[in-house]
Amino acid sequence: MSPQTETKASVGFKAGVKEYKLTYYTPEYQTKDTDILAAFRVTPQPGVPPEEAGAAVAAESSTGTWTTVWTDGLTSLDRYKGRCYRIERVVGEKDQYIAYVAYPLDLFEEGSVTNMFTSIVGNVFGFKALRALRLEDLRIPPAYVKTFQGPPHGIQVERDKLNKYGRPLLGCTIKPKLGLSAKNYGRAVYECLRGGLDFTKDDENVNSQPFMRWRDRFLFCAEALYKAQAETGEIKGHYLNATAGTCEEMIKRAVFARELGVPIVMHDYLTGGFTANTSLAHYCRDNGLLLHIHRAMHAVIDRQKNHGIHFRVLAKALRMSGGDHIHSGTVVGKLEGERDITLGFVDLLRDDFVEQDRSRGIYFTQDWVSLPGVLPVASGGIHVWHMPALTEIFGDDSVLQFGGGTLGHPWGNAPGAVANRVALEACVQARNEGRDLAQEGNEIIREACKWSPELAAACEVWKEIVFNFAAVDVLDK
């Protein structure tokens, strides 16, 4: 036996493979205020006990590997390892369990969503012992929250910048999303803003294509914005999409937007990546720009109930990384979004403190310790008949965004914007007078139609448009 081997043996090293649960399943563990807590939906392979599956998740997302290694003796596993501290069966589902895992804070780099996700949702999602794995929720401890800047400005600062209070903000995505020239694009922006919208928006896949280069689009949109402001006396904005192939190019576009004096830029945070998003959020705070976030690609990650990452986790990650708005679903429109689940993560975006509430899918109490809030954006298949429900569901601190529901108006873009603004003002006034938007919404809209021909025309066009499909991601019974 060599001296090196003797040394390893003398400190208790024993080569081989042992069950994860012997080291990483610790039901007696008392979680600490500084731990990051995770709730995983685990579907083990046949024959794999839930305790072993939960322990495998804790191990493979922290300090463990598939075999014992002698370098374990050079550090303190008890200090750094993840621990599966509770497992509960999912009622109504065969062979599904919620495994709760606690991670010591020292495992993660300060201020880095990228590093946090690389550990927690890294290679473990391809682990053969698991048929499926989904991250349902995270508890981010205040000690870690305080290492993040978060949103560039937040809800109250945005309202102060725009001088708009007491109602949801109104937006519109310019359509068709691809193919317009920069000048025609700017014309559509002007008409929508002149008609009464607060914002217009680049679609998520508008970057810098041959039919419309980014610099031309920025210039024509800025011209439209300033012209609409001069005519209406209101502050207007257009979400200029700064997403690009490199971080350097993205920041260059944001710099040009700042030089034009516009109030807001945009980023596709999942396709662009968390490192790029955090970099842009820091630039926006330093330079007075609001930051609108689109969640393109989210459904690839979050839509399947038994595998992936729930959007409430992606929403928390965005609040940490930085963004002033983020698309959150509509409940009533064309995109996925069950009401209780949606309102659960909307509260996680906006509120300072959110209590655990399993009836809304919230597994952990979350204290954001004064991290600025994010405005949820309802967008996708909505029109004037949805306005009462949207106002009632999302409240004042939200952005209601009508793309086709503005540009599809039979009289044009500006009348479409007028229709939406009138519908919103009618709903807000009715709510403030004590009327029930959920019960009287259609009546409120019909009353407003009597003095707004633009709204009456919109109501006639979309009176039979509904999207009656069951949500895929629903709460456990």
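Using N, Cα and C of the backbone, Cβ positions are placed for all residues, glycine too.
Model, not experiment: these values are computed from the prediction.
Per Swiss-Prot, active site, proton acceptor is recorded for LYS175, HIS294, and the stated evidence type is sequence analysis. Annotation source Swiss-Prot lists substrate binding site at ASN123, THR173, LYS177, ARG295, HIS327, SER379, citing sequence analysis. As annotated by Swiss-Prot, Mg(2+) binding site applies to LYS201, ASP203, GLU204, with the evidence given as sequence analysis. Swiss-Prot lists PRO3 with the feature N-acetylproline, giving sequence analysis as the kind of evidence. Look at Swiss-Prot and you will find LYS14 tagged as N6,N6,N6-trimethyllysine. Summarising the annotation, Swiss-Prot assigns N6-carboxylysine to LYS201. Per Swiss-Prot, site 'Transition state stabilizer' is recorded for LYS334.
Overlay of Swiss-Prot feature records on the structure.
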residue	record	contacts (Cβ under 8 Å, 6+ apart)
ASN123	substrate binding site	GLU60
THR173	substrate binding site	THR200, LYS201, ASP202, ASP203, SER379, GLN401, GLY403
LYS175	active site, proton acceptor	ASP203, GLY403, GLY404, LEU407
LYS177	substrate binding site	ASP203, ASN205, VAL206
HIS294	active site, proton acceptor	GLU204, ASN241, MET266, HIS267, ASP268, TYR269, ILE326, HIS327
ARG295	substrate binding site	ASP268, TYR269, LEU270, PHE311, LEU314, LEU318, ILE326, HIS327
Starting from the Cβ centroid of LYS201, ASP203, GLU204, which together make up the recorded Mg(2+) site, report each further residue of the same chain whose Cβ lies within 8 Å of that point, ordered by sequence.
THR173, ILE174, LYS177, ASP202, ASN205, VAL206, TYR239, ASN241, MET266, HIS294
The one of LYS201, HIS327 whose CB sees the fewest other CB atoms within 10 Å, among these binding-site residues:
HIS327
Any idea which of the binding-site residues ASP203, GLU204 has the thinnest Cβ neighbourhood at 10 Å?
ASP203
State, in Å as a whole number, the widest CA to CA span among the substrate-binding residues ASN123, THR173, LYS177, ARG295, HIS327, SER379 given in the record.
37
Check the DSSP secondary structure of ASN123 (substrate binding site), expressed as helix, strand or coil.
helix
Could you tell me which three-state DSSP class THR173 (substrate binding site) falls into?
strand
If you run the three-state DSSP split on HIS294 (active site, proton acceptor), which class comes out?
strand
